[in-house]
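According to TrEMBL:
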REGION    1-83  region 'Disordered'
COMPBIAS  1-15  compositional bias 'Polar residues'
COMPBIAS  42-62  compositional bias 'Low complexity'
DOMAIN    136-579  domain 'Major facilitator superfamily (MFS) profile'
TRANSMEM  179-197  transmembrane segment
TRANSMEM  209-227  transmembrane segment
TRANSMEM  239-262  transmembrane segment
TRANSMEM  283-301  transmembrane segment
TRANSMEM  313-329  transmembrane segment
TRANSMEM  375-395  transmembrane segment
TRANSMEM  415-431  transmembrane segment
TRANSMEM  443-462  transmembrane segment
TRANSMEM  468-491  transmembrane segment
TRANSMEM  512-531  transmembrane segment
TRANSMEM  557-575  transmembrane segment
REGION    610-630  region 'Disordered'
């Protein structure tokens, strides 16, 4: 094409500029480049080094001073091959979980580990690593039903066990001793959480941790069913009972948290709340099954038969569930989310071995201020839910039948069975509902004020001494509890999802510490408050009518209300993962950003470099833009 009147040469073909192309001064031209080597001959092998052929290169200078375009086909390989090479390089550097390899050359091993730890909080909690694997869910559900059946049978049979192993005591002291042994199991739960957290996070994974926990609870349950009472073995019997109960607590410390982590890590983000509620409902299903079995035993046998040997049957019944559970667990796959982070886990272990510092997962959990705040906030949230659960489903039947004597033990168990069944329906509905809320905590903020009000109201309704009053009071509290627990399992796992090498430990320790401090002590505290209420009534003149006994009898409910206030404050103050849109809050995300500002800057620098490389490689015309010459 001929030059125009202005004397400017027009290009033969218009070319679109490369997106985000480097701009250079118009004085920089190809004439400033060093002279290129001569073009290769036709016989030159394609393996020879690529060269520039400026004599045949189509160039253009746009009005805004864009750099000249050079045809990518003049090099020794195509642009697609070159793009694959750069893509492989970028993917290799991404696996390091650090900004760029050259940025870490001058860092010590401790600084590298610190950077990896902080950057891990910005990793993949938003991504859908799960495929909604049904076997993972069934394994967690079956394990929870089996585990919590064995664990709950003891609490439901506390009066009979107390009479068999503590016969020298009064009826009230037998009950206190029996609940004291129940508390001994809760003391072991945090230790079990640390043990199984190490197994699930650093050793063999989530699946095998569940297998070990199931085995560890089967043996003591069977032995408790055949353990002779105080009349035959004397003081040795209650000692062995305490040891077996502690073994059960060690096992429970890993089962529920393991089922949460395994099931939710295999879930997509749109189903985490529901699948977590299914796991939670399965643990309640264990209580339901235990309540059903104990009710059948009490209905079918006389009271003397139950006190003599009938209480042992529910413990031995657990043997029938073991083969079915083993079949389900054997078909379960390991968590893909945990397996995909195995490279990071191995790199961290190599760093620890090189430094001669092999630390357990609990040390890494507590050594970070960020994680400590998460852990304390999680325990605060669980303080109300665990105490409410145990006072509603475990202590209330004993309160109505043994302490107050307003209903028989069989009627109390039947009512408890009905309330648990309705609670499971509420729980699953709220779990599905939590997947539709922008933040999972929104449902908690509704349920926690309900617990604060409903628990004292439940004890007030108990003073009506009517069957409907007992049922409505328990259902009201169960509905409020289900609104919190519906999305709580997914909330717990999502808090730790940024680092799968600590998620099992974080969920297990937080959940079991709260269960020990507030759930395990709840029966003893409620029993103490009941006897304190009796003293207040007697000191007031011994008038045991509705008006004079109302406030003292509500003392256990007021105690739970105080814990509800603690949970409500914790929901507002807990530090969440910044990427989790369901559990995060803007002001808390800002706090996390401030803590990790320098590491976020390094991550942004990495993304910027990658973007620049991709912009130079992915232009639609297949052109390669050489670097700017300064």
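A Cβ is built for glycine as well, from the same backbone N, Cα and C atoms used for every other residue.
Stretch with the largest number of CB pairs closer than 8 A to the transmembrane segment (468-491), among 179-197, 209-227, 283-301, 313-329, 415-431: 415-431. Nonlocal intrachain contacts for the transmembrane segment (415-431), taken as residues 6+ away from its ends with a CB within less than 8 angstroms of a stretch CB, comprise 273-278, 280-281, 284-285, 287-288, 291-292, 295, 392-393, 396-397, 400, 407, 443, 467, 470-471, 474-475, 478-479, 481-483, 485-487, 489-490. Taking every listed stretch (239-262, 283-301, 443-462) in turn, the largest tally of C-beta pairs under 8 A with the transmembrane segment (512-531) is reached by 239-262. Comparing 179-197, 209-227, 557-575 for CB pairs under 8 angstroms to the transmembrane segment (375-395), the maximum falls on 557-575. A contact between the transmembrane segment (313-329) and the transmembrane segment (283-301) is present, since 3 or more of their C-beta pairs, 6 or more residues apart, lie under 8 Å. Residues 370, 373-374, 377-385, 387-388, 391, 441, 444-445, 448-449, 451-453, 455-460, 518, 525-526, 529, 588, 591-592 of the same chain, all 6+ positions outside the transmembrane segment (557-575), place their C-beta atoms under 8 angstroms from a C-beta of that stretch.
Within the model, the domain 'Major facilitator superfamily (MFS) profile' (136-579) shows a mean pLDDT value of 82, rounded to a whole number.
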